[in-house]
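Peer 1: The structure's right below; bear with me while I get my questions together.
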Amino acid sequence: MPGRYRSGVQLTVVDHPLARARLSRMRDERTDNAAFRAALRELTQMLVYEATRELAVAEEPIRTPVVPTTGYRLAAPPLIVPVLRAGLGMADTAHGMLPESQMGFVGLARNEETFQPEAYMASLPESLVDRHVFVLDPMLATGGSLVHCCGLLTARGATQITVLCALAAPEGIERLRDSGLPLRVFTASIDEGLNENAYIVPGLGDAGDRQFGAV
Ligand code: URA
């Protein structure tokens, strides 16, 4: 994997029978919160698996019970950044697959005067120079929050940002492209588009409410 991504969005759709099955369970309105969280965790495994395919590995000498041989570990585990609240349901699974990774957190809320997303929390390392960052957010809808989040990361020097989302709307992908940010995006589906309330169609509803209940 190159040290920094080309500007623009590299999009990968993780279209796999198991991913389709998990996504269908998440879309189904009869799926309760617990089953939704379980399906999101399983889908996250598939997204992380694909998104880490080209991460650099370092060799290290190990011994099997039989002979010495060469072992491998990730050369530079990425920083994991779930976007609150919906990204929390992906965090533990991603961390389980990347146990050496550190985790940061970004919380975004809409400013009701400007209608723009604002960070109410950004728990991140001061410098992200030369660090891979994996951003977790199940829904790429308008793209406004993700552009804002990734802007916080690039302001700290990040040049290698990977966004993992369950679903994406074409409008959100376009917004990320327009931002000029150097991003890789892994999603299990590109849906039809957004409705008048900025929900993804057919989508799965509100990913936070579906996981944690409407509070
Ligand atoms: N956020 C969600 O949780 N669902 C959508 O459909 C769009 C944004």
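Indices start at 1 and increase along the chain as displayed.
Any Cβ shown, glycine's included, is placed from N, Cα and C.
Heads up, here are the entries from TrEMBL:
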BINDING   Arg85, Arg110, Asp137, Pro138, Met139, Leu140, Ala141, Thr142, Gly143, Gly144, Ser145, Asp206  5-phospho-alpha-D-ribose 1-diphosphate binding site
BINDING   Ile200, Gly205, Asp206, Ala207  uracil binding site
DOMAIN    13-213  domain 'Phosphoribosyltransferase'
Peer 1: Which of the three DSSP-derived classes (helix, strand, coil) applies to Ala207 (uracil binding site)?
Peer 2: helix
Peer 1: Spatially, and counting Cα to Cα, which of the binding-site residues is closest to Asp206 (uracil binding site)? Options: Arg85, Met139, Ala141, Ser145.
Peer 2: Met139
Peer 1: Given a separation of at least six residues and a C-beta threshold under 8 Å, show me what packs close to Ile200 (uracil binding site) in the same chain.
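Peer 2: Those within reach of Ile200 (uracil binding site), by Cβ under 8 Å and sequence separation of 6 or more, are Met139, Ala141, Leu167, Ala168, Ala169, Asp191, Gly193, Leu194.
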Peer 1: Between Arg85 (5-phospho-alpha-D-ribose 1-diphosphate binding site) and Gly205 (uracil binding site), what is the CA-CA distance rounded to a whole number of Å?
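Peer 2: Rounded to a whole number, the Cα-Cα distance is 14 Å.
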Peer 1: Which binding-site residues of Asp137, Met139, Ala141 contact ligand 1 in the sense of C-beta under 6 Å?
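Peer 2: The ones that qualify, in sequence order, are Met139, Ala141.
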Peer 1: Just to verify: the residue among Gly143, Gly205 with the fewest other Cβ atoms within 10 Å, which of the binding-site residues is it?
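Peer 2: Ranked by other Cβ atoms within 10 Å, the binding-site residues Gly143, Gly205 bottom out at Gly205.
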Peer 1: Looking at Cβ-Cβ distances, which residues of the chain lie under 8 angstroms from Ala207 (uracil binding site) while being 6 or more apart from it?
Peer 2: Leu40, Ala86, Gly89, Pro138, Met139, Ala166
Peer 1: So around the uracil site, Ile200, Gly205, Asp206, Ala207 aside, which residues have their CB within 8 A of the centroid of those CB atoms?
Peer 2: Ala86, Pro138, Met139, Tyr199, Gly203, Leu204, Gly208, Asp209, Arg210
Peer 1: About how far apart, in whole Å, are the alpha carbons (Cα) of Gly205 (uracil binding site) and Gly143 (5-phospho-alpha-D-ribose 1-diphosphate binding site)?
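Peer 2: Cα-Cα, rounded: 16 Å.
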Peer 1: In sequence order, which same-chain residues at least six apart have a C-beta under 8 angstroms from Ser145 (5-phospho-alpha-D-ribose 1-diphosphate binding site)?
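Peer 2: Residues satisfying the criterion: Val83, Leu108, Pro117, Asp137.
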Peer 1: Find, for the listed binding-site residues Met139, Ala141, the residue with the lowest Cβ contact count at a 10 Å cut-off, counting only other Cβ atoms.
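Peer 2: Selected from the binding-site residues Met139, Ala141 on minimum Cβ neighbours within 10 Å: Ala141.
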Peer 1: Using DSSP reduced to three states, classify Ser145 (5-phospho-alpha-D-ribose 1-diphosphate binding site) as helix, strand or coil.
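Peer 2: The residue in question, Ser145 (5-phospho-alpha-D-ribose 1-diphosphate binding site), is helix (DSSP, three-state).
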Peer 1: Return the average pLDDT for the domain 'Phosphoribosyltransferase' (13-213) as a whole number.
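Peer 2: Average per-residue pLDDT within the domain 'Phosphoribosyltransferase' (13-213): 96.
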Peer 1: So, three-state DSSP: helix, strand or coil for Arg85 (5-phospho-alpha-D-ribose 1-diphosphate binding site)?
Peer 2: coil
